[in-house]
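Have a look at the structure below before the remarks.
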Amino acid sequence: MIAFDNVAYSYGGGELLSEISLRLTPGSFHFLTGPSGSGKSTFLKLCYAELLPTAGSVTIFDREVRSLGRDEVARMRRRVGVVHQDCQFLDHLPLAANVTLPLAVTGRETNAQDLADLMAWVGLGQLADALPPALSGGERQRAAVARAIITSPDVLLADEPTGNLDWEMSLRLLKLLVELNRMGTTILVATHDLNLIRNAKQQVAARVLRISNRRIQLAGADL
Amino acid sequence: MTLRELLSEIATPDRQADRVVPPSGHTAWLTGFTAGTMAFLAVFALALSLAAGRLADRWGEALERTATIRISAPEEQMELQTRAVLDLLATTPGVASARALTDAEEHALLEPWFGSDLPLDTLPIPRLIELQEEGEGYDAQGLRQRLAAEAPGAVLDDHLRWRQPLAIAASRLRLLGGVSILLILASTAAMITLAAHASLAANAKVIGVLRLVGARDIYIARAFVRRFTLRALTGAAVGTGAGLLAVALLPSADAAGGFLTGLGFQGAGWLLPLLLPPVAAVTAFLATRAAAFRKLKELT
């Protein structure tokens, strides 16, 4: 589904990621850990062609990313749900419009009941008309998750999705991710939260990747 | 892109696409103001161009088919030479008619320069003969030679030296009007391009979010293009209306009217400025679309 072949990424003269080769197979569940600034967000961005590798090749849905035209990148992203660390909303639009944005840009209608169910599930049922700047960090993060999954993507990439959530909401989010994974969605979550990873491993066969010294390695059983 | 697709893209509202770009005050104002001002100026350029066209036609028609023969001779020979010239003209192919201007007509021609109280009867005024051409016209060179032989004091003035510079001046004015309209359109396109660039740059974050959720460039561009097109259409409509009102309030042409009082529209000419708003809208559409796609590539 997503494959890295000897990928490197350099920025500002320094190499941030190096010699990365791995394969995210359909239906897999991965966590990505590593210290701050180790390149977790960069790795995720390489997974949906926000960044292009400076060496090696990244293949998404069997297409090498450099060969994708602009429209093809857009179509590829419709199959990839992304939860950004900073959420990235259109601040002038109500929350409901932000959550349904992935449907709107493809001209698809929103089922009002499905939207209401989704908003209620992430605990934002009463905030559909609120503007993003009025929300707390946790509420924004839950809305970002709702937006990422509204199109039932093949792959869900989440960058610190529980960073602003309390433990209870983190577990609810984890449960959602596990359910999505059981339905066949490939999941990759970048997180610092080792408790979340331990909890997930009790529910799903999640693999843990760790970025260390610019390279990715499979984390040991200590997690 | 066909005209039909273009019209469909402008006319078909996509409420979602329209909403994704936040309302932007200064670019909206700038686009509307620019389109309005340019349309206002274009109305005058159009009026100038049409008036110059009418003037060229009028001068052409008035002078093209006529000529004048001026006879300067001693008083005792004047009548004789006049008769000789009229006889000669009567047998000249290409001359439809010829007649000598009466004393009263000659006095009327001179009155603007000398006033009505000058004793014109005492002055040696040349006799003028006006002739009308027909068919292919007469042979000016041959006529001059015959006049030199039959009436030495007669000089043929075929109006060419008056007509040509006037016709050239009028056609240059018409061209100037057309060039002005093109320059106005180009300036409109340039200003709207700048405004669209500014708007796209100011909305880089919006564009980033839209791309993140899988929006194609055409979707993002459409949100900007439609907005700028409608602003240009509205601004140009207001500017055209104001321009037409200003032209309508100009002093009307009358019998003594010169060029300035003839600056305006006549008949169906009043409908021509109505093309300006749609032309401004199409210009804005093309300019914004090109700017949007260029900027979106830069923002990769």
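Residue positions begin at 1 at the first shown residue.
Each residue, glycine too, has its Cβ placed from N, Cα and C.
What TrEMBL lists as domain 'ABC3 transporter permease C-terminal' is B:179-287.
Annotation source TrEMBL lists transmembrane segment at B:28-51 (among others). Packing against the transmembrane segment (B:28-51) from elsewhere in the chain are residues 173-174, 176-178, 180-181, 184-185, 187-188, 191-192, 195, 227-228, 231-240, 242-244, 246-247, 259, 262-266, 269, 272-273, 276-277, 280, 284: each is 6 or more residues past its ends and has a CB under 8 Å from a CB in it.
For B:173-196 (among others), the entry in TrEMBL reads transmembrane segment.
Outside the transmembrane segment (B:202-220) by six or more residues, the chain places 17, 20-22, 24, 27, 292-293, 296, 299 with a CB less than 8 A from a CB of the stretch. Here TrEMBL flags B:202-220 (among others) as transmembrane segment.
The list of residues near the transmembrane segment (B:232-250) in space but at least 6 beyond its ends in sequence, with Cβ under 8 angstroms from a Cβ of it, reads 31-44, 47, 188, 192, 261, 263-265, 270, 273-274, 276-281, 283-285. Residues annotated as transmembrane segment in TrEMBL: B:232-250 (among others).
As annotated by TrEMBL, transmembrane segment applies to B:270-292 (among others).
The domain 'ABC3 transporter permease C-terminal' (B:179-287) scores a mean pLDDT of 86 in the predicted structure.
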